[in-house]
Amino acid sequence: MDQKIYFYNTATRKKEEFKPIVPGKIGIYSCGPTVYWNQHIGHMYAYTQWGTMVNFLRYIGYEVKWVMNVTDVGHMTSDEDAGEDKMEKGAKREGVTVWDIAKKYEKQFIESLDVFNIQRPDVICRATEHIPEQIELAQKIEKNGFAYLTKTGLVYDTGKFVDYAKFANLKLEEMDSGARVEVDEDKKNPWDFLLWVTNQPKHIMKWLSPWGEGFPGWHIECTAMSTKYLGETFDIHTGGIEHIGVHHTNEIAQGYGAFGHQTANYWMHNAWLRLKGGVKMSKSLGNGYTADQLKEMGFDPLAHKLLVLTSHYRKGLEFSLDSLKASQTALLKLRSLVANWPDGGIIDENYKQNFVELLSDDLQVSEAIALAWKLTKDEKISSENRKATLLDFDKVLGLNLSKKVIEEEIPREIKELAQKRVEAKVNKNWEESDKLREIIKEKGYTLEDAKDGVKIRKI
């Protein structure tokens, strides 16, 4: 662990040397899913990136405790305090209870982690199982003078936290309460937010509290659960860029209200998986593919993982089926190389050091993958050592490169076209050779010229 690590810290807007609170140990909290609908590949973008970060930190010797919440109690349909509850909306959609919805989609989320070979967090904590902790935290904030009661519940007083706007560089004078179903006129500031919601008699999920029967506000669960499992101050808090302006701003406010300081030393945020034109892939827009849908289309989910890892977590990725097809071809090629190379090699230390240095620089995973491709072509290194080094890299990348490639039976027509192309090349008829390659490609196959002949693979 002599390697210095640098992460971009949203709190300071710069890349900083990472120094854990306890040498050799790291505590990480990730904002998890709201389990009211399918978990699509856009949602899994974040967990692919953060799971890879956890793999890397363990790879270089750190003991990591990774905590993730599951929001199984209702939020509103916007970042505001009013509107339709997402869990209840899901229950109405499917004609079941909110508890059934939560159970169904939490299970799907866990299965998606497994399908994309993302190591499960050490602690997955449900909001509904931590209501006492949320009430206790809200009481502490109230006792410290950072909260007040209105007709809608216990409200955080942002006016008491002078640096409220600092984290997200908010211009509060340009903000208002937003488009809400019901604005609480008793709020001191439009951006004050609810810690505990009361006076919602039709709301299905409710618990008793010192302020009356109700349910927690959106932001309180993450502060309550992160500090329960990682302490009042921990190392890293991750989330999406959409969390910066509201959710994480309010989490920081809660930390100051309860403890007098922010809870995490480093705040890291991922960008989005986008569609053409920059459109965000999201559950609410209904424009995302699930892992099952990818498999139905013939894709290995880890081809999507490879595609994600070719992007930097702070830049995001524009997704297309064409790029996924190319990624699947690349993944199969890597696996084929590993399968064909002999065992018994040793890890090349120069490549390993370069790999570690790239990931230590704010997780340059895409550059690390480029390094892996460079390794595959480096004939100065024996094939068995290349194999050993690639499989060592895969401890971080999680692409299952040791998986055996099942060769499909190549149709006779394709074999005959490939043989004609070989004859055209022997006769130096390059135009005919290129034409035959294109015909073969149109039929769904690709050719790889190798020293021992031509290899035909399905695209």
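Cβ coordinates come from backbone N, Cα and C, glycine included.
These come from TrEMBL:
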DOMAIN    18-327  domain 'tRNA synthetases class I catalytic'
BINDING   CYS31, CYS222, HIS247, GLU251  Zn(2+) binding site
MOTIF     33-43  motif ''HIGH' region'
MOTIF     280-284  motif ''KMSKS' region'
BINDING   LYS283  ATP binding site
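This view paints the features noted in TrEMBL onto the structure.
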{"residue": "CYS31", "record": "Zn(2+) binding site", "CB count, 10 Å": "23"}
{"residue": "CYS222", "record": "Zn(2+) binding site", "CB count, 10 Å": "28"}
{"residue": "HIS247", "record": "Zn(2+) binding site", "CB count, 10 Å": "19"}
{"residue": "GLU251", "record": "Zn(2+) binding site", "CB count, 10 Å": "26"}
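Counting only same-chain residues 6+ beyond the ends of the motif ''HIGH' region' (33-43), those with a CB under 8 A from a CB of the stretch are 70-72, 75, 86-87, 89-90, 101-102, 104-106, 108-109, 112, 272-273, 280-283, 288-291, 294, 304, 319. Residues CYS31, CYS222, HIS247, GLU251 make up the record's Zn(2+) site, and a Cβ search at 8 Å around their centroid adds HIS219, GLU221, THR223, HIS237, GLY239, HIS243, HIS248, ASN250 from the same chain. On the 0 to 100 pLDDT scale, the model's mean across the motif ''KMSKS' region' (280-284) is 68.
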